[in-house]
Amino acid sequence: MASKFIPRNVFPLSESIPRSYFLGHHKAGLEKMKKKIDSVDYVIECRDVRIPVTSINPMFEEVLGGKRRLIVYTKRDLLNSNDNILRKNKERVRKLDSKAAAVFFTTSTFSHSGKPILEQLKSDARATNNLGTCQVMVVGMPNVGKSTLINTLRNEGVHKAKAAQTGAQPGITRKMGTPIKILDRPNGSSVYILDTPGVFVPYIPDAERMLKLALCGCVKDTIIAPVTLADYLLYHINQNKPDVYEKWCEPTNDVNLLLDRFAHQTGLLGKGGIPNIDQAALNLVQKWRAGELGGFFLDDIRAELKKERDTQNALGIGLYKNKTPANKRKNARDAQTT
Ligand SMILES: Nc1nc2c(ncn2[C@@H]2O[C@H](COP(=O)(O)OP(=O)(O)OP(=O)(O)O)[C@@H](O)[C@H]2O)c(=O)[nH]1
């Protein structure tokens, strides 16, 4: 009788995994946001629903300050966890955003998906300038789907064609765009939206977070070795549904075996019939990104929330600032001395 397959429950992280991907246009984009923020009335922050914690960029907290904000978890179609897991995780995710005006889980590639967001903006986004136009800035990590969301909102809101360029690789938007109209409100005022370049963080101390961001496409595919990325994907697939790759290979923890079989069966062979393992690894990752190999959370949201809280409390920054008893005492002391 065949022995039962046991998936790995820990992924071996190599020290050689790069931890940074902070490019010139990320830095410039962040600077531009800082300059622009005073003339912006509202912020939409996009995060990838598969990595709801890992795709938070704490640097936005510093830049965006207290601007009224709604959070959009993008690429909802790429999750097909069972309803119970999804509901529980959505509740956990919402806890992250207690200060947000609203939270949405959206598939921007579906038509009409922007409707609830537009309804929210219609009633909630106020213009602070004399012209009565409201400016909304969209921010997020690279490739989370900001420009796609903008196009959907524009199409739904003012029935106009695509205005922002989109693409499967990060870094398609490199400069802050010009304002794009997405809504005419009954009171005669309009809502305009600004696209911004995706911004990464300067250094990711946790190598596993880097792998998650890379797997979701926030990092260029040349940064992490394709076989490492495919191995990390295999680790997650095995914990969720190993039968998604049964047409190529039996359940395995050996990425080289899977890639070898995949390369042979999909014709990825070089001279002398040698399988092109790197290309096989990239193709496998792309299949997952296209939703063909199951959709699941990469973040263990409960564990990530705890890790995030611990890190940010230690640094005294970000989402959890002011929330610990020690911080509350410090804030009370600060308030007394000012
Ligand atoms: N399946 C799926 N794909 C999406 C969705 N939203 C965006 N995408 C895809 O994700 C990729 C990145 O989308 P963009 O809108 O270009 O992302 P961006 O955040 O503007 O990227 P940068 O230019 O790096 O800032 C594209 O291939 C989109 O088609 C979604 O809801 N579902």
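Using the three backbone atoms N, Cα and C, a Cβ is placed for every residue, glycine included.
Copied over from TrEMBL, here are the features:
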DOMAIN    30-202  domain 'CP-type G'
BINDING   ASN143, VAL144, GLY145, LYS146, SER147, THR148, GLY198  GTP binding site
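Distribution of TrEMBL features across the structure.
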residue: ASN143; record: GTP binding site; CB count, 10 Å: 30
residue: VAL144; record: GTP binding site; CB count, 10 Å: 29
residue: GLY145; record: GTP binding site; CB count, 10 Å: 26
residue: LYS146; record: GTP binding site; CB count, 10 Å: 28
residue: SER147; record: GTP binding site; CB count, 10 Å: 24
residue: THR148; record: GTP binding site; CB count, 10 Å: 22
residue: GLY198; record: GTP binding site; CB count, 10 Å: 26
How far apart, in angstrom, are the most distant Cα atoms among the GTP-binding residues ASN143, VAL144, GLY145, LYS146, SER147, THR148, GLY198?
13
Compute the centroid of the Cβ atoms of ASN143, VAL144, GLY145, LYS146, SER147, THR148, GLY198, then list the same-chain residues not in that set whose Cβ lies within 8 Å of it, in sequence order, for the GTP site.
CYS46, THR74, GLY140, PRO142, LEU149, THR166, THR173
Across the whole of the domain 'CP-type G' (30-202), what does the mean pLDDT come to? Round it, please.
90
Three states by DSSP: which one describes GLY198 (GTP binding site)?
coil
In the three-state DSSP scheme, ASN143 (GTP binding site) belongs to coil
